[in-house]
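Taking it in order: structure first as structure tokens, then the write-up.
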Amino acid sequence: MGEVQEGPKVEQEKKPAATVVPVETTDGKPKSGGGDSAAAAAPPVAAVVSAFVYKVDMHCEGCAKKIKRMVKHFDGVKDVTADTGGNKLLVVGKIDPVKLQEKLEEKTKRKVVLANPPPKVEGPVAAAVGEKKADGGDKEAAPPAPAPAAPKESVVPLKIRLHCEGCIQKIKKIILKIKGVETVAIDGAKDVVTVKGTIDVKELVPLLTKKLKRTVEPLVPAKKDDGAAENKKTEAAAPDAKKEAPSAGVNEAKKEGSDGGEKKKEVGDGGEKKKEGGDGGEKKKEAGDGGEKKKDGGGVPAPVAMVNKMDYYGYSAYPTAPMHWQEGHVYGQSYSMTGQNYPVGGQSYPGSGYNYASESYVPYAQPNVNAPGMFSDENPNGCSVM
């Protein structure tokens, strides 16, 4: 019985030796310690609870809650505090701060900066970290690339089509979420959105066009040429004005020539126009100019003699007999003529009212004219000796 029990004991003693061999040759390199020392060769970087401060761009309270929820799911985190005003995130726990930083940058798509670096590691942990650095030393030995220069603060006016108040609030909310934007001022009447902050216009315009799904145009202020553009315009307009000057003179001359006849009529009109023509020297000049323009214009001469005859006719002591409607047979028209008086100062035609009658004329009645008046030049109906 004793020999049978010794067999299993020998096997149990050989088992630890079998387990030690693979541990020593795991990485293909001999290690100084046993299995327990090899397992404890890579402990976590932060063995104690510590607090780390990260700088993350947080726009609002909702953004801060989202980041806090994301960090709490990370292993070893005990507490998370977010400061929206200062864009700071305080994380407390047994964590690797560098891994958490990379995780946050991957999830939020934003730049995350570790404000307080982790404390220096001493002992076996430092040796393990040194070996890791030695493995990837070529990558970390390269000098860091110089950081791009931060854009200066600027004010950018943009032309965006605005429909209503809800549309304005939506656009304002979208623009404020863009990194680097500080304030947004919107003028709904002019469809102008003014953005202030440390932003690049070349990157902002295509980004807003994609997010808003409408045309976005930057408004560039007009350059001051110190009047150079105006001088060029005046110089270009000067030869055109010279070309137009002679043609305008010809048109005016034609117009004046065509108006000659009208001006002659003004000269040869009735007594009132004659009086006006005799009032001042200026109007006489106009009358004289009308005569000269008659030669140029070639208008038809006005019947001056007929006008004078009518003047004589109006004031003559021997007027012609007027024409009257003939007395009707059907409707009864009565033009009872009591008689005609020919006073020296004028004439009168007494008669009764009007009635409808047939259409015919009474022949002229020859007035009683004295012998000297028949041959007078002032009488338009007088006789003349040939």
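Every residue, even glycine, has its Cβ placed from backbone N, Cα and C.
Positions annotated as metal cation 1 binding site by Swiss-Prot, on the basis of sequence analysis: Cys60, Cys63. Residues or ranges marked as compositional bias 'Basic and acidic residues' in Swiss-Prot: 1-16, 130-141, 223-245, 252-297. The domain 'HMA 1' annotation in Swiss-Prot covers 49-112 and rests on sequence analysis. The S-farnesyl cysteine feature in Swiss-Prot is assigned to Cys383; the stated evidence is similarity to another entry. Summarising the annotation, Swiss-Prot assigns region 'Disordered' to 1-40, 129-153, 223-301.
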**Report entry** Cα-to-Cα gap, Cys60 (metal cation 1 binding site) vs the residue listed as 'S-farnesyl cysteine', nearest whole Å
**Finding:** 118
Report summary line: Across all protein chains shown, the recorded positions Cys60, Cys63, Cys383 give the max Cβ-within-10 Å count at Cys63
Report summary line: Rounded Cα distance, in Å, between Cys63 (metal cation 1 binding site) and the residue listed as 'S-farnesyl cysteine' is 121
Query raised in the report: Taking the domain 'HMA 1' (49-112) alone, what is its mean pLDDT?
Result: 86
Query - Secondary structure composition of the domain 'HMA 1' (49-112) [DSSP: H/G/I, E/B, coil] - result: 24 helix, 19 strand, 21 coil
Query raised in the report: What three-state secondary structure does DSSP assign to the residue listed as 'S-farnesyl cysteine'?
Result: coil
